[in-house]
Amino acid sequence: MEINTYQTRAEMLLRSYILSDSFIVYSSVIGGVFACKLVYDLSQIFSSIYFKRYAGLSKSQQVEWNNRSISTVHAIFITAMSLFLAFWSDLFSDDQLSGLVIMRSSTLSTSVLGVSVGYFLTDLAMILWFYPSLGGMEYLVHHLLSLVALSYAMLTGEAQFYVYMVLLSEATTPGINLRWYLDVAGLKKSKAYLINGFMMVFVWLVARILVFIYVFYHLYVRYDQVMKVSSFGIFLVCVVPLVLAVMNLVWFWKIVKGLMKTLAKRN
């Protein structure tokens, strides 16, 4: 009788844990989707009031304007949270003795990933709906890879450190969006546009190239830890950063060429 009681309690605790964990996952994803909708609507309202050029934009340009507002807010949020969780909190610190780094997660880290999944789902849906005005095939590949990796880390709690390191690449998004806004506003020949070009090159170099080199180094020195996750997890940890790194190098070359072209026109 006593054994049955312990089994019942264990089952209740397990069920309670799974339900609470599922609640965190689903509520954060749904929250991320609703946050995107809120930012889109607020962008529409404030832009029509405070930016005179907004009313003169075509319907597709207005959609892209508001879409870029969403990606800018998400980029600021996820960059700040990635920096905090990866470097400032003790969650992934080597000083911690609470298991392997690749297996560590927390309620906060899982919730933040859920919000980011909500964003990528929303952005992917918008890209597909308005295809190809919001982005071509490379954006679809980028978002699908990101969604798979984020969802895996969110649902299993594995490899969250590496996901947050890769998410630091979102730090480049505000600069990219600002460049588009300046272009649409007719300020392509302004000093702000030129400064933005230099800042984009620098931030891209740090967030999308140097950070990725650190990720690959970190994976190399902790190869024994990587081998302890599932086969699919190993595939994601090794392949997704590699594919994104190649895409980042291609985009970086395009940004550098664009900056050089701008400088040539000024001379």
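Glycine is no exception: its Cβ is also placed from the backbone N, Cα and C atoms.
Here the structure is a predicted model, which means the values were calculated and not measured.
Over in TrEMBL, the protein carries these features:
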type	residues	note
TRANSMEM	23-51	transmembrane segment
DOMAIN	60-264	domain 'TLC'
TRANSMEM	72-92	transmembrane segment
TRANSMEM	112-132	transmembrane segment
TRANSMEM	161-182	transmembrane segment
TRANSMEM	194-217	transmembrane segment
TRANSMEM	229-253	transmembrane segment
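No contact links the transmembrane segment (161-182) to the transmembrane segment (23-51), because fewer than 3 Cβ pairs that are 6 or more residues apart lie under 8 A. Long-range contacts of the transmembrane segment (23-51) within the same chain, counting only residues at least 6 positions beyond its ends with a Cβ under 8 Å from a Cβ of the stretch, are 62, 65-67, 69-70, 73-74, 107, 110-119, 121-123, 154-155, 185. Listed by sequence, the residues of this chain that lie at least six past the ends of the transmembrane segment (229-253) yet keep a Cβ under 8 A from its Cβ atoms are 102-103, 138, 141-142, 145-146, 148-149, 152, 156, 158-159, 162, 166, 169, 201, 204-205, 208-209, 212, 215-216, 219. Summarised as a single figure, the pLDDT of the domain 'TLC' (60-264) averages 95.
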